[in-house]
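Taking it in order: structure first as structure tokens, then the write-up.
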Amino acid sequence: MFLVLIRRLNRQGFCSPWFWGALIFVLALGLRYFAFAHIIYSPTSDFQNYYNMGVAFTQGDYAAIATRAAEYHISSFSGLGVLNGLLMLIAGTSVRSFQLTQCVIASLSCVAAYLLARRFDEASAPATGLLFAFYPANIVFSQVVSNQHLAVLFALFALWLAHLALSETKLVRTLVYSLVGGVLLLLSYYAHPSTATTLVALGIVWLVLLLAALRNRKAFLRLLIAGAVFCVGFFALRVGTDAGLRAAGLSDPATVNSSYLAKVVIGLNEETTGGYSESDWGMIWAQPESEQNAFCLQEIQKRLQQPDLFGLFDTKLLRMWMVPDGSFGWATEEVCPVSPAPPSEAVQARDNWLAGAKLLDFFYVALLFVFAWIGGLFRRHGSAGDLLLWTLMGWMGVHLLIEIQSRYRYFGMPLLMILAAYGVFCLLGGAGKVLHRTKPDVQNN
């Protein structure tokens with residue numbers, strides 16, 4: 001009934017994009033604030049490190065950030081310390097204020113998903129934002145001070161601007177969209193290096209469009225310039241930013257970026273079925289730093305020869321996407337329920353609520369996959385549809401190789417929701433009408 005109402009409101013033109021954007025943000029933030037009000041979260045594991053890096057930035061302790069990034073064997077992680085530190089300068093350094101900041105960022109991601117969905121299909125776009133706003137796992141996981149929140153927010157906005165650039169006919173707007181899109185994707189990369197898969201997907205779509213425009217000199221030059229400006233926003237600025245981080249003492253020039261290949265080694269571990277392996281990490285870090293990447297390559301070659309490699313991929317696919325989301329565990333590992341009831345009763349009430357939320361989330365995701373399959377079948381071919389599909393398939397594909405946790409599905413879920421919302425509207429409006437639409441997706445704003 002709710003989706004039917006959305007469809008009718010859009011048909012009558014009663015609701016503008018500003019209305020939907022504001023409504024989605026308010027609903028998303030309200031739901032996440034409800035979780036925030038009932039859970040006092042204490043960071044653990046990596047999330048504690050990310051929080052400490054932000055605090056170190058506000059205190060001017062740049063050496064601590066450089067040391068932490070070196071311990072992760074990812075030099076770009078210094079950028080995460082800067083991003084978290086800037087947020088803390090605005091909102092405060094307490095865990096509680098930083099927790100609320102994550103709720104705001106996650107709510108903005110719901111709006112970003114809506115804007116990206118408008119490039120794919122105008123009618124079903126509000127449903128995408130609302131699906132993300134009501135997504136149980138994200139409501140709970142938004143309490144965690146994770147780098148994924150910023151990474152997803154920037155990546156979604158970057159995809160939105162990239163498609164605007166690819167479909168825009170005016171050169172000046174193309175340049176602005178391309179440059180800002182490249183900068184936002186770079187910020188996403190500094191928050192979480194897995195953004196590289198999004199960059200590859202963008203590159204593939206851009207190359208296909210470029211080759212298709214060979215006979216149209218004007219369109220070819222526009223796409224060529226858009227790609228060049230995007231590269232300036234991402235690659236050139238990255239070189240300058242990395243140099244600035246080193247000059248400021250935020251990054252150690254001697255850091256060996258071996259974590260990327262180490263993730264692949266772990267992802268091909270048959271015993272853990274691609275999950276976290278403390279023994280693999282210990283084996284890799286036991287090697288001299290200069291030899292770690294070479295050692296990882298040797299291990300990857302060995303593990304690619306395992307007899308049941310495709311069986312491993314099948315198991316990883318199920319564990320990554322088809323099981324209850326592990327985000328709930330991270331959000332409640334170290335929590336104190338806010339309740340006037342006795343501690344034992346408060347904990348029991350919280351656990352009962354979480355059990356219900358986990359069950360709801362499982363069926364929520366299952367339905368998303370069903371309707372996303374329908375949306376994928378009836379999707380309109382074009383730059384928006386291709387970009388969405390390549391990015392989603394790339395995200396799912398890369399996790400066949402690297403270490404998996406169910407929380408890593410985060411970025412893929414809003415993309416899946418775009419297809420799912422479209423699938424629902426295909427059923428509401430009739431598949432035949434959808435297939436015979438003549439309005440091209442590049443005209444959506």
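First residue shown is number 1, and so on along the chain.
Positions of Cβ are set from backbone N, Cα and C atoms, glycine also.
What TrEMBL records for 18-41 (among others) is transmembrane segment.
What TrEMBL lists as transmembrane segment is 72-92 (among others).
The feature transmembrane segment is assigned by TrEMBL to 98-117 (among others). Taking Cβ pairs closer than 8 Å, the transmembrane segment (98-117) reaches residues 17, 20-21, 24-25, 28-29, 32-33, 35-36, 41, 51, 54, 84, 87-88, 91-92, 124-126, 128-130, 132-133, 138, 141-146, 149-150, 152-153, 156-157, 159-160, 163, 388, 414, 417-418, 421 in its own chain, all 6 or more past its ends.
The feature transmembrane segment is assigned by TrEMBL to 124-144 (among others).
The transmembrane segment annotation in TrEMBL covers 150-167 (among others).
Annotation source TrEMBL lists transmembrane segment at 174-191 (among others). Sequence-distant contacts of the transmembrane segment (174-191) (same chain, six or more residues past either end, CB-CB distance under 8 Å): 76-77, 79-80, 82-83, 147-148, 150-155, 157-162, 164-165, 168, 198-199, 202, 222, 225-227, 229-234, 237-238, 241.
Taken from TrEMBL, the feature transmembrane segment covers 197-214 (among others). Non-local neighbours of the transmembrane segment (197-214) in the same chain are 155, 158-159, 162, 166, 185, 188-189, 220, 223-224, 226-227, 230, 234, 383, 386-387, 390-391, 394-395, 398, 411; each lies 6+ residues outside the stretch with a CB under 8 Å from one of its CB atoms.
Feature annotation from TrEMBL assigns transmembrane segment to 219-237 (among others).
Away from its own ends, the transmembrane segment (362-378) comes close to residues 131, 135-137, 321, 324-325, 389, 413, 416-424, 426-427, 431, 434-435 of its chain (Cβ-Cβ under 8 Å, at least six residues beyond either end). The transmembrane segment annotation in TrEMBL covers 362-378 (among others).
Proximity of distant same-chain residues to the transmembrane segment (387-404), defined by a Cβ-Cβ separation under 8 Å and at least 6 residues beyond the stretch ends, is recorded for 116, 120, 159, 162-163, 166, 194, 197-198, 200-202, 204-205, 263-264, 266-268, 274-277, 313, 316-317, 319-321, 376, 379, 411-412, 415-416, 418-419. Look at TrEMBL and you will find 387-404 (among others) tagged as transmembrane segment.
As annotated by TrEMBL, transmembrane segment applies to 410-431 (among others).
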Given a Cβ distance threshold of under 8 angstroms, which distant residues of the chain, six or more beyond its ends, lie next to the transmembrane segment (124-144)? 2-3, 6, 10, 15, 20-21, 23-24, 27-28, 31-32, 34-36, 39, 41, 43, 47, 99, 102-103, 105-107, 109-111, 113-118, 325, 327-328, 330-332, 354, 357-358, 360-361, 364-365, 368, 407, 410, 413-414, 417-418, 420-422, 424-425
